[in-house]
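*Asks:* Dumping the structure here so I can ask a few things about it.
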Amino acid sequence: MNQTAILICCLIFLTLSGIQGVPLSRTVRCTCISISNQPVNPRSLEKLEIIPASQFCPRVEIIATMKKKGEKRCLNPESKAIKNLLKAVSKERSKRSP
């Protein structure tokens with residue numbers, strides 16, 4: 001093999017090995033763009049999701065799905081009102097479980 005062919009093979013190998021670690025999708029990010037500090041009535045909740053911090057999003061996210069219209073709201077986990085909501089929901093769940 002001549003030197004040009006060897007050089008081309010090496011360049012192709014280096015290029016392909018560099019591509020291996022690149023993620024295919026760049027859409028991984030935090031779910032919540034803005035957060036609300038407003039209190040939420042636990043009776044109006046259909047679902048409450050708590051998403052822990054991860055390598056893709058550095059903050060804890062709390063997503064409340066409302067019964068009416070299925071509206072989703074991102075709640076501030078540091079807000080006193082939201083902390084009280086989490087306590088109320090936790091207390092309600094512990095009453096229901098045997």
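From the backbone N, Cα and C atoms, a Cβ is placed for every residue, glycine too.
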*Asks:* If you look at what Swiss-Prot says, which of C57, C74 makes a disulfide link with C30?
*Replies:* C57
*Asks:* Quick one: which of R26, R43, R73 has citrulline in Swiss-Prot?
*Replies:* R26
*Asks:* Among C10, C32, find the residue that Swiss-Prot gives as the disulfide bond partner of C74.
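*Replies:* Swiss-Prot says the disulfide from C74 goes to C32.
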*Asks:* What three-state class does DSSP give C74 (disulfide bond)?
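*Replies:* Where C74 (disulfide bond) sits, the three-state DSSP reduction gives strand.
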*Asks:* C30, C32, C57: which of these disulfide-bonded residues has the highest Cβ count within 10 Å of its own Cβ?
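*Replies:* When each Cβ's neighbours within 10 Å are tallied, C32 leads.
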*Asks:* How many whole Å apart are the CA atoms of C57 (disulfide bond) and C32 (disulfide bond)?
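*Replies:* C57 (disulfide bond) and C32 (disulfide bond) have their Cα atoms 10 Å apart.
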